[in-house]
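J.: Below are the features listed in TrEMBL for this protein:
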type: TRANSMEM; residues: 12-30; note: transmembrane segment
type: TRANSMEM; residues: 37-65; note: transmembrane segment
type: TRANSMEM; residues: 85-104; note: transmembrane segment
type: TRANSMEM; residues: 116-138; note: transmembrane segment
type: TRANSMEM; residues: 280-302; note: transmembrane segment
type: TRANSMEM; residues: 341-360; note: transmembrane segment
type: TRANSMEM; residues: 380-397; note: transmembrane segment
type: TRANSMEM; residues: 460-490; note: transmembrane segment
type: TRANSMEM; residues: 502-521; note: transmembrane segment
type: TRANSMEM; residues: 542-562; note: transmembrane segment
Amino acid sequence: MRRLRCSWSSLKPLIIIISPLALLPLPLVIRKKEAECAYILILMAVYWMTEVLPLSVTALLPALLFPIFGIMKSSQVASVYFKDFHLLLLGVICLATSIEKWGLHRRIALRLVTGLGVNPGMLMLGFMVGCAFLSMWLSNTSTVAMVMPIVEAVIQQVLNASEEARKDHKGALNGISNPALQLEDIEAQHDQSENIKSIEAGITEPVQTAPEEPETVKAPPPYNGKYRTREDHMMCKGLSLCIAYSSSIGGLTTLSGTSTNLIFAEYIYQYYPDCTVINFGNWFVLCLPICIIMLILSWIYLHWMYLGSNFRASLCSRQRSEKEKHTARVLRDQYSSLGPISWQEIITMIIFILMAVLWFTRNPGFMPGWSSLFPDYPGYATDATVALLLGFMFFIIPAHKPNAERYEALITWKDFQACMPWEISLLVGGGFALAEGTKISGLSTWVAELLTPLGSLPPLATVTIACLIVTSITEVASNAATMTIFLPILAPLAEAIGVNPLYMLIPTALCVSFSFLLPVSNPPNAIVFTYGHLTSMDMVKAGLGVNVIGVLTVILALTTWGTPLLNLDTYPDWAPIVNGTGV
């Protein structure tokens, strides 16, 4: 493995140099703006997929190359890099910073887990629900980084409980009931185990024992290193995978849950400014059932793979084993160590709920929202306005009771900087610049014309093909980078074949988050993998099933409640008219 890493590190400079030279004939032979923009797009795709350069550095290539090729002026490119998305991100990160700083996320997670149960099946479900809820508002990476240490503590306690239960069972089988005789029996067992070790090492000859001695239950050798039994190891695998997968599933539910959702929303706002159906409320109504269905089916699938098919024991069992008692104890201890809820957590929770309510009620669609109170300025206030307003409050509200000598806000600028993903800001800005360049150069229209034969297929088949392609590519490339590449291609394709652009883009935006196969597919997978309970093949086996569940659930949503909710079966007035046909 170390040799592979060293060889890959030595290949990075070659890829950085050879890639632009190998692609150079494209703009030199085909002297058109479409070819020049395609050169930049392919080069960025190569750099993003191989990650030979940091993703945010590659995102700066449009600012460098678009002016050189005469596609866009430098001032035009610069203005595209900062959009409403970035303001929304700033406000959301203020909330996330306060949640993480004052430990509200730990309280929420532990409360959810202890409320659902502590047997392995319900423990898995509890962690999945807690992770999914937190990742609706926090980044997937932050959620997994916070929850996984709790899971690891529970795992270690379960393994210890398993060992203690095994010892108790062994003692019962050997007739240890009188405390006065227990010490002698333990010493005898210790001497017997020492003899067994000597025999296995070939040091001494085996000694004949009385006929009744073989009835003594001997300690089984460890199944695999630190795991006493195969069941313990499988439980550790299942708990680890459920954390990684549920964090990605939960992020689908809100527009601010993942960077890909925000990229999609900003693309719609920028290129279809008259489209008003994409807002926090509609997105939540669309994606919450998707999240719930995926969580339930993924739990069933992981339970079947790692805990067995006895679901009745997980759902209906009322008697607790020693493992479950120890697990409940460690969770209670961790929750008790948090102490009573603090002033900072209360204020953070209030702002958190207020932000969600204001997002829901800005323009819910089925009733007038609070934005209708400003009829002279329709569309001026967005979700970013709410996020910034409440984000400012975290820098104003004192963290402690008023004190003339000391004043400290809920968060400081240093706290905010530590949580702010500046690389995502640059990556998304580069994606917007790339999308604008493909539109101005005509590349997106040219690609859409090449893909027009797909219009002969049923629209659902075209969408399914796009979902499968995106789901495959996002396993080896960044989610945000994959989304950035495909948005300017699929939107013109939808227009060319007369399909509502949302019918094509929404399932693609959701499927981009289905990077479940490899440890390197996304940061949550990598974090979970570092704890040592999983192998790459474990992730591949489990991830294939969850990927299938995700794609089928998205297609189900698209063809059922999503169509009437967003009017996906008609070609909208806000999209350019290229073809008179519809879905």
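Using N, Cα and C of the backbone, Cβ positions are placed for all residues, glycine too.
Would you situate these features in the structure and describe their surroundings?
T.: If you look at the transmembrane segment (85-104), the same-chain residues 6 or more away from its ends with a CB under 8 A from one of its CBs are 137-139, 142, 146, 256, 262-263, 265-266, 338, 342, 344-345, 348-349, 351-352, 355, 382-384, 386-392, 394-395, 410-411, 415-416, 418-421, 424-425, 428-429.
Non-local neighbours of the transmembrane segment (116-138) in the same chain are 92, 95-96, 99-100, 105, 108-109, 144, 146-147, 151, 154, 158, 235, 238-239, 242-243, 245-251, 253-254, 256-257, 291, 295, 298-299, 302-303, 307, 311, 313-315, 317, 320-321, 323-324, 327-328, 331, 352; each lies 6+ residues outside the stretch with a CB under 8 Å from one of its CB atoms.
Here the transmembrane segment (502-521) has Cβ contacts under 8 Å with residues 244-245, 248-249, 251-252, 258, 260-261, 263-264, 267-268, 275, 277-278, 286-287, 290, 459, 462-463, 466-467, 470-471, 474-476, 479, 482-483, 486-487, 490-491, 493-494, 529, 534, 536, 539-540, 542-544, 546-547, 550-551, 554-555, 558, 562, 566, 568, 572, 583 of the same chain, all six or more residues outside its ends.
If one looks beyond the transmembrane segment (542-562) by at least 6 residues along the same chain, the residues whose Cβ comes under 8 Å of a Cβ in the stretch are 241, 245, 249, 286-287, 289-290, 293-294, 297-298, 301-302, 305, 460, 463-464, 467-468, 471, 503, 506-507, 510-511, 514, 516-518, 521, 568.
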J.: Who are the chain neighbours of the transmembrane segment (460-490) in space, where the CB to CB distance is under 8 Å and they lie at least 6 residues beyond its ends?
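T.: Residues packing against the transmembrane segment (460-490) from afar: 41, 44-45, 48-49, 51, 55, 58, 258-260, 263-264, 267, 424, 427-428, 430-431, 434-435, 438-439, 443-444, 447-448, 451, 454, 497, 499, 503-505, 507-509, 511-518, 520-522, 547, 550-551, 554-555, 558-559.
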J.: What stretch of 37-65, 341-360, 380-397 shows the most Cβ pairs under 8 Å to the transmembrane segment (280-302)?
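T.: The stretch with the most close Cβ contacts to the transmembrane segment (280-302) is 341-360.
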J.: At a C-beta cut-off of under 8 Å, are there same-chain residues at least 6 beyond the transmembrane segment (341-360) that contact it? List them, or none.
T.: 91, 95, 98-99, 101-104, 107, 137, 280-281, 284, 370, 383, 386-387, 390, 393-394, 397, 399-401, 410
J.: Residue list, the transmembrane segment (37-65) vs rest of chain: Cβ under 8 Å, 6 or more residues beyond ends.
T.: 12, 15-16, 19-20, 23-24, 26-27, 71-72, 74, 77-78, 81, 422-424, 426-431, 433-434, 437-438, 441, 443, 473, 476-478, 480-481, 485
